Every structure is written in structure tokens, then in C-alpha cells.
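**Q** Submitted below is the structure of interest, expressed as C-alpha cells.
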């Protein structure tokens, strides 16, 4: 018997709207959109005087539509077995089996890390109990994260490992099965970026202190004006708002002029760098 595996990323976007739903929370960490479409894997088996063709279609973010001959509508997975009357030719082929896994069938998502002899990472999607005549069949799709040593030409190609009329096992090695963390993309890549990030944090903190100082000054002036006016009113004196405003402005200007020296004095007390002139204590 001669087995030939013909594997293709097939047929693009063919009229479907669902397939393996890439929007479910279990797949949020992955990039299945990058392999969106209908993929296929074919096995040819010599069965003289005929040839048996078993083709499985896998819809990624895309339902396998009726445009693929004989596939049930709204299928995530579809398997078609046909008999070629002429070897390597599907002309006048006779379809003998059709298996469909409906998109509404309940799925299980099983992430794995450091699995097997090759320490593989990825995720497995499991289908349980699809109706096929009087039988119930299962399917297991294994998506393996591609490593840096894998060649691009070997990626995104599905391989059929098992189909015994009870269970389907298919795998694919793809970058789409590698966990992508958006937070990591925002992290600085070098010390320069870290320095820039720290500068931004410092600037934000400085503006915060300036804002609080400004608020306290406004509150102080408001209390001063209202308190002064109330004091004049309580003494029975007429309130001269122009004189009061002029006095407030003069005091405010004096406060601003004395503020730098006041701040400098506070800093010197904290840092211990007060200027004691050219003399030192003995």
C-alpha cells in the first residue's frame, strides 16, 4: 500500500461565518486569525483495482460551506471518503463516506506546555460525540507552537495521525498556537527605554506636586480674602474691596518673592548643605 499525504492550506474564505471560533476566551491568547480559512489534509490509499481518497477539511475561524461538495452545512470539520476508479484521478469518483463535526458541537480547549519528548507548547481542541449514522465519533485537533528552529515551509500544514471510524487525530505546527501577551509588547526592550519610562514617571510626579501647591495657594488666598472681609464687616466698618484686593496682591507678590529662599532653606536643612560661610566651628 502506498500512502501519499497531500496537505494544503486550501480554498481561502468560502462563504462561512463560524468554524473554529477564534473569538472564544480560550483562544484569546493565541493568533488563530493568522491562519484563518479552510485547510485540508488528504490521504490516498491503493485499493486495487481502485484508489481510496480520504480528505479532511478543517475550518479555522470559517465554517466549511456547502460549496465544498458533499460537506454538511455549518461544519467545523468535514471528512469525505471517495473511491477513485482511476488511480490519481478523481474523475467519476464515488463518495462512500461523509463525516461532519457541526460548529454547534460542544468543544473542549486543553492548553499544554512542555508536552512530549519535544517539550511542545500549544493547545488541543477536542470534539466529543458527533453523530455519524448510528455511531458517535470524536476528534482531536492539536495545534503546536512553532519554535525558532522550525522552517517556514513546514508550518501551517496539517497532518493526519489517526482515523479509524471512531476517532480523528490531526495536528499542525504553527506560530498561531504560540501564546502572545500584549503586555510584553509594551515592556521596554533596553535600558534606554527604561530610562525614558522613568523620566515620564518623574515628570508626572512633579506636575502632581505643582498642582497641589497651586491648590493650597488658591485656598489660602480665598480664606485670606473672605476672612479679612468678615473681620472688617464684624467691626462695623465699610469694606473697601479695592484696598483689600490691593493688599492681597501685595502680600501675594511678597509671598512669591520669598518662596524661592524659603524652599532653598528647607532643602538645605534636609540635605545638610547649609552654607556656613568660610568659618567652621572648632
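Every residue, even glycine, has its Cβ placed from backbone N, Cα and C.
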**Q** Which residue range, 165-185, 186-206, 207-227, is the one Swiss-Prot calls transmembrane segment?
**A** 207-227
**Q** Counting every protein chain present, what is the number of Cβ atoms, excluding its own, within 10 Å of the Cβ of residue 71 (disulfide bond)?
**A** 23
**Q** Do me a favour and check the Cα-Cα span between residue 22 (disulfide bond) and residue 178 (disulfide bond); whole Å is fine.
**A** 14
**Q** Given a 10 Å Cβ-Cβ cut-off, pick out the one of the disulfide-bonded residues 61, 78, 145, 178 that has the most other Cβ atoms nearby.
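**A** Max Cβ neighbours within 10 Å, all protein chains included: 78.
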**Q** Give the number of CB atoms, excluding that of residue 22 (disulfide bond) itself, located within 10 Å of its CB.
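**A** Its Cβ has 19 other Cβ atoms within 10 Å.
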**Q** Measuring Cα to Cα, how many Å separate residue 61 (disulfide bond) from residue 78 (disulfide bond)?
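**A** Rounded to a whole number, the Cα-Cα distance is 15 Å.
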